[in-house]
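According to TrEMBL, the features are:
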- HIS190: active site, tele-phosphohistidine intermediate (ACT_SITE)
- CYS503: active site, proton donor (ACT_SITE)
- ARG297, ARG333, ASN455, ASP456, ARG466: phosphoenolpyruvate binding site (BINDING)
- GLU432, ASP456: Mg(2+) binding site (BINDING)
- 6-127: domain 'Phosphotransferase system enzyme I N-terminal' (DOMAIN)
- 154-226: domain 'PEP-utilising enzyme mobile' (DOMAIN)
- 258-542: domain 'PEP-utilising enzyme C-terminal' (DOMAIN)
Amino acid sequence: MSHTVNGIPASPGIVIGPTWTFSPPRADVEAYTVANPGVEQLRVRAAVAAAVEQLAALEERARATIGDEEAEIFAAHQMLIEDDDLLADIHNLIETRHVNAEAAVHEIIEATAESMLELDDDYFRARSADMRDIGRRVIYALMGVTADVGRLPPEPSIIIADDLTPSDTVQFDPANVLGLATVRGGPTSHTAILARSLGIPAVVSAPVELGSLANDTPAILDGLSGRVTFFPTTDEVEEAQAQRRDFLERLAGDHATRLEPALTRDGVHVEVVANIGNAEDARRAIDNGAEGVGLFRTEFLYLDRDTLPGENEQIAAYRAVAEIIGDRPLVVRTLDIGGDKAVPYLGFAAEANPFLGWRGIRLIDHHADVLLGQFRALLQASVGADLRIMVPMVASVEEAVQARGILNEAQVALHAEGRPQAERVQFGVMIEVPAAALMADKLAEVVDFFSIGTNDLTQYTLAVDRTNERVAALATPFHPAVLRLIAQTIEKAHAAGKWVGLCGEFAADPAAVPVLLGLELDEFSMAPSAIPTVKAAIRRLDRAECRAIAQDVLNLPTAAAVREYLAAHS
Ligand code: PEP
Ligand code: MG
């Protein structure tokens, strides 16, 4: 009998096919006493070497098929497993207790993962899952379990799993993955991000009874609505087929026109630009029709290392992007760490509430030098570019003024040193904290532009931790409170003659386009893969009509009412 479960949409598209349930191979570890600890230590060395080799291959594979950012996950895993302290602990345990290699690896990895969990810090919690992932890999190597056998779908299937690690996901042959549904995980989980990069429809937080689901169960997975239907009726299959055809046709049409500008039906040009993290993304952005970059996240230069990157290293990384972007607008965000991304060498301590803690521009008090260094590198890397620099997590006018002062200091110093630097430079702030949105009129007086970060603005306005799966469904930017803050930000900026972009995930949601267009947003910035679809959505709309839509939704009482209204007017 047809049976539907409702999860959270994580990657768009509709697929129909047989299910295949993924379960990691069992690696039940038995502890026993060994006569010769030296042999066990050698086995650990060999297994770690094998794990590193597998991870290097996965890194290569991810780099070739998905992108640099995803490949970095596996580079980080290699670093974790080769950690000297961790290996020393394992060897010591074998030496002192004469236990077998599997038991020693299991015990040390579990203890390390547990202590990371106890830190009550999202960054370390995520690391704890990584730790278990690599522990499993080493134990498989010790037991001679081949990670791949029996773990890969034999034919194109909808993969259902309790949860998937990045290494699980990358090992699947994309040709055999019609779609993905996981019981756990939120829309910002690694699986969701990978699925979007690969263009595979996905649903997360789907309450599927894995125990009673046989392989080859006929199913429909709808990554647009978040629904997964098992044993669909003929009518349901026919309807899904029609929806799938429409979706694919529209996608092909959007792709064909991706390089054309986004002009509304009444002739208003809206800038559609990309969120990127490195040069590879920049290339993909231009291929997908980006008219520039609206958010270059620079954290990657600072993460997974022990010391600050030097000026020359930074210049090289920024220049690689600036050269690809050429004359197009290039909005770079300065270092946004804290929250779920900690950098130990900058003196981060565990915090009870890292998202309310020492994050983003708040580093300026103790690390003005880091910001100055970044400004210097950006200015030197962007000679001839249309450079726009913005700072994250601003909550007050003082922070904006202070940051702008440091930018000015960098410009004056470079001039005095006779070094070439960008001639065209705008300075902006991200609007991510409700206080900043409420103070938009005053902030607009001290900056050249705003970029609204709806991922954080939603989290802070609605008091929902963006990394907490249990409240993931509450974190919607369609909530009228978030929309009112966006409206107010744009209105105040325009009154002061300043432009406004939006670089949170909201900009990539076609359902949000009429509202944002109606609120007169100047620039939409999103993952490169979303650009063709959003450009096409803009072309179908009339801005005058969207103004009326925007005013209507601002007066609705709930996020659900807003979504319903927008669905009825699409
Ligand atoms: C945002 O908060 O919307 C944003 C774009 O920044 P990040 O997701 O990097 O915090
Ligand atoms: Mg943010």
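Heads up, the Cβ atoms here are built off N, Cα and C, so glycines get one too.
Counted over all residue pairs in ARG297, ARG333, ASN455, ASP456, ARG466, the record's binders of phosphoenolpyruvate, the longest Cα to Cα distance measures 20 angstrom. Residues of the domain 'Phosphotransferase system enzyme I N-terminal' (6-127) grouped by DSSP class, helix first, strand second and coil last, total 81 helix, 16 strand, 25 coil. For ARG466 (phosphoenolpyruvate binding site), other Cβ atoms within 10 Å of its Cβ number 20. In the three-state DSSP scheme, ARG297 (phosphoenolpyruvate binding site) is classed as strand.
All protein chains shown were included, and the count of other CB atoms within 10 Å of the CB of ASP456 (phosphoenolpyruvate binding site) stands at 22. Among the recorded positions listed (ARG297, GLU432, ASN455, ASP456, CYS503), GLU432, ASN455, ASP456 have a CB atom closer than 6 Å to some atom of ligand 2, in sequence order. Looking at the domain 'Phosphotransferase system enzyme I N-terminal' (6-127) alone, the prediction's average pLDDT is 85.
Annotated pair ASP456 (phosphoenolpyruvate binding site) and CYS503 (active site, proton donor), C-alpha to C-alpha distance, rounded: 11 Å. Across the domain 'PEP-utilising enzyme mobile' (154-226), DSSP helix (H, G, I), strand (E, B) and coil residues number 21 helix, 19 strand, 33 coil. Here the binding-site residues are ARG297, ARG333; the one with the fewest Cβ atoms within 10 Å of its Cβ is ARG297. When the Cα atoms are compared, ASN455 (phosphoenolpyruvate binding site) and GLU432 (Mg(2+) binding site) turn out to be 8 Å apart.
In the three-state DSSP scheme, ARG333 (phosphoenolpyruvate binding site) falls into the strand class.
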